[in-house]
Amino acid sequence: MRRDKQEAQAQFNRRTFMVGAGGVGAFAGIGAQLYTLQILQEDEYRVLSDNNQFSFRIQLPTRGRILDRFGETIAENRDSYRIYLIREQAGDPALALDRLSRFMPMSEARRERVLRDLARTPRFQPVTIAEGVDWETFSRVNLHLPELPGVMPDVGEVRTYPMPAAFAHVAGYVQSAPPEIAGDDPLLRHPAFRVGRTGVEIARDVELRGAAGSLKVEVNAFGRVIRELPDQSRPAEPGRDIALTIDSEVQRFATERLGTQSASAVGLDVQTGEIVVMASTPSFDPNLFVLGIPSREFSDLNENPLRPLFNKATNGLYAPASTIKGVISLAALRHGVMRPGERVTCRGSVQLGNRRFHCWRREGHGPVNMHDAIKVSCDTYFYEVAARLGIERIREAALELGFGQLFEVGIPMLSQAGGLFPSPQWKRARTGQGWSMGDTYNVGIGQGAVLASPLQLAVMTARMATGHAVEPTLYPRGGPVHFPRLDFDDAHIQAVHNAHVGVVHEPGGTSYWSLGGLGVEGIRMAGKTGTSQVYSITAEERARGVRDQDDLPWRLRNHGLFICYAPAEAPRYAVAVVVEHGGGGARSAAQPGRDILRELILRDPAGHSGVVAARHEPINLAQGG
Amino acid sequence: MPVFTQPVPRDLRAKLFELNWAFVLLIVLTGCIGILMLYSVAGGAWDPWAIRHATRFGAGFLVMLVVAMVPPRMWMSLAYPAYLGALFLLIMVELFGATAMGAQRWIDIGPLRMQPSELMKIALVLALARYYHDLPPEKVSTPGGMIVPVLAIALPFGLIAKQPDLGTAVLTGATGAVMVFLAGLSWKIIVPGMVAGVVGGVAFLRYGLEEYQRARVLTFLNPENDPLGAGYHIMQSKIALGSGGLTGKGYMQGTQSHLNFLPEKQTDFIFTMLGEEFGFVGGIAVLVLYALILGHCLMTAMACRSVFLRLVTMGVTTTFALYVFINAAMVMGLVPVVGVPLPMISYGGSVMFTVLIGLGLILGAHIHRAAEPPKGAGLFG
């Protein structure tokens, strides 16, 4: 019995020892695994832990401003008031919206959109209820915040254009990046981020954008931000300010002066090529686009026959009409086909084969020399000159003066904004027919297939005025510019110049009566009118009583053109104006053109060095010359 | 053997003198670590876990001491009724139990909410110990001597597994098996039995598991396959432990636990949090603490004269060791997540009392190690 008992005890102790050994083995296994995890694999798990703990929130950069030549703001950023709702704190979302709607009216559609957004967003993440809230509503909501659990007011930045109409086309506007542009870029995909879509905003987008910063934040398992770690964050780098050469006051003046007409104007500093004015009317409000334009308002703009969304100053193409006569004259003088004093007798029309080519003045101008021909805009004289020159020599001079040349001034332009100067090859390729003398006649008075943008007309004017190959720009060149001389004699330039002065200042000049000069004491101007034919009245219509342009519907009326520059003694500013369907250039375009030029002379934007304080100093025209 | 010559202490003073104070100290230390960790879980607040844990530990500690003073004879007489009562309650849970998180585990008795499976852990140990105490050693391996223990283990195992609480079921079953082994079951039965157990176990894993349990097991085998689903807990636990490194992120500085990446950190995953905040050093220290407790248990078992006390001690020790092992192995990704707490450190009332009562029995066994209660008259004597 006792032996059995001792044997049992010994067996028990053996087996206990075995169990204990098993336990030691199990604990050793645990210890080994702990060692593996915490010592051998510490580094990789630390990375995983950091990935859990920290994440980076994007910091939006402040978009650079767009400024005029004096530092006046064209595009800036203002605080945008937003209202968010956080479901976690709000309780029942429908009730929360009911409470909020007492202080902030809310449409049924918005309410539904918010409820939908709330349903698919984590409880603690804010959902946008409204963006761009007005100050009054925003402050009312803020005041009642204690009664509005879960409502979170926030201030962000939004692009704003203080001179909307004047700069809609030049500055352009920004919008949320469309998916095909945004791609996977977290900055571009950020709902509050905007990218340039037109104008300077898109042309200089990268510089204006700046660089996104990152805010290191600690997040919990649900993605809620627990705290921010500014020390380990990279601040956003604000975008660069972009200065333009435009004088915003003249720009505003020009926009208002052209008013509701479908028109455009470009003004250049002829010595630097800087574009001081570039207006296209009617305009639109780019601010509407920033927060998302309602589709009805957009289609109103898009379908408006006056094409407010279209930048006519750079992309509008028109036959230059009589404004080309200076170019033809320079070509004639260069090639000696016409001496300045040589006269051509105008009888109102010339016969070429079985076609009759009219002068705008039915009764004719009588014998005219070059000076008179430009001054009175005699077509007959230029038929003769064109015939003597031939299309190739005309084309050569025209291209030198800027026709057919696409000027990349620093905003996106349509590819056809280079216009067109026809050649026999072009005509054959286009129509399969050979070039005719009639075509040369037409080119000689700027009609037919010749097409130029207002910007090109302004450049042409600047080149005629200076004899230099002026290149336009929208951005300050930051120093004196030496454009190469064009291959014309000074004397020839001077002769053509004198004739252009005559247009305005000599009796008989096409703008003598309508303008009577620049309107600034002691300063004379040069100019040239043009009437670009849109539709030619048929004999049948004439029989029905359609006598002139005023009897035609608006869209068939002629375009009015005017080019001008001043001071006549030492040209500084050149302006080109086109009024679509405005009728004759003398009637519709000359006065706005002169007024814009006078504004430039009076303000003399080139005369002061871009310092705001200098703006109120008396105008120093000697400096301008 | 001097231990057997020593008299059995009868009065309270003698018993307190015989109390294994080193063992008590280790227990108190462990409970304090629990309070420390639960204070950290709440982000440095007594409420809601640390204070209740401390209260329960204090109460349980007193119960433990009382249990230790009770003469073993009394436990013997309570063994069968306690087992039958626990079995009855398990059946009641099966029939009427409250459902929490998809599992029926609790039964409400008036204001009390109790988990009969916890009671069963103690009751089974007592019942098996009593049974083998009464059974002549030569009958242990006979069919007649085996039928009762097999049933006594299988019934609660089945009921608890059905709740479903796989962790507790495995714990209960394994404890019973170890006791049968220690009672002297012949190797001739053990070896074929183990083979059958492995085959049965595989079959059970295949066909006997709830869908979520199978998912847990499969996920355990390959946690990275399902990082956001069932494997999430294991991955996050390993990240927490691994990122703790040698010395940890510092007390209350555990990012994984405090940022809620770690689930159920006040209960099943408290060891993970400890490992994250105190590192390998802290984790090993706690494992050593448990090993010291278990070592004391083993020594107590071998010092006991009676079969009853030896088996009670080893039964409780096995349960305790399995708690620690399964919990630690689980949070390290060595075994599937089955929901087993870390004794005296995890938050939870029922387990705390089970463990402390069990430790009370071991302390009592140490005090009464020289006692040799008479053999009873079998099952119903």
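Glycine too: its Cβ is placed from the backbone N, Cα and C atoms.
All annotation found in TrEMBL is predicted automatically rather than curated by experts.
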(request) State the residue range annotated as transmembrane segment by TrEMBL; the candidates are B:166-183, B:184-201. (result) B:166-183
(request) Quick one: sort out which of B:119-139, B:140-160 is the transmembrane segment according to TrEMBL. (result) B:140-160
(request) Determine whether the transmembrane segment (B:140-160) and the transmembrane segment (B:54-70) share at least three Cβ pairs under 8 Å, counting only pairs 6 or more apart in sequence. (result) no
(request) Among B:54-70, B:166-183, B:278-299, B:344-365, point out the range having the most Cβ pairs under 8 angstroms from the transmembrane segment (B:311-338). (result) B:166-183
(message) Under 8 Å for C-beta pairs, could you tell me which stretch among B:20-42, B:166-183, B:344-365 has the largest tally with the transmembrane segment (B:278-299)?
(response) B:20-42
(request) State the non-local partners of the transmembrane segment (B:344-365) in its own chain: residues 6+ outside its ends, Cβ under 8 Å from one of its Cβ atoms. (result) 19-20, 23-24, 27, 30-31, 33-34, 37-38, 41, 49, 52-53, 56-57, 60-61, 63-70, 72, 75, 114-115, 118-119, 121-122, 125, 266-268, 270-271, 274, 286, 296-297, 300-301, 304, 309-310, 312-313, 316-317, 319-320, 323, 327
(request) Would you mind listing the long-range same-chain contacts of the transmembrane segment (B:54-70), meaning Cβ under 8 Å and 6+ residues beyond its ends? (result) 12, 15, 19, 27-28, 31, 34-35, 344, 349, 352-353, 355-357, 359-361, 363-364, 366-367
(message) Quick test of the contact rule: Cβ under 8 Å, at least six residues beyond the ends. What residues does that give for the transmembrane segment (B:20-42)?
(response) 48-50, 53-54, 57, 61, 64, 251-252, 254, 257, 265-266, 270, 273-274, 277, 286, 289-290, 292-293, 296, 300, 343-347, 356, 359, 362-363, 366-367
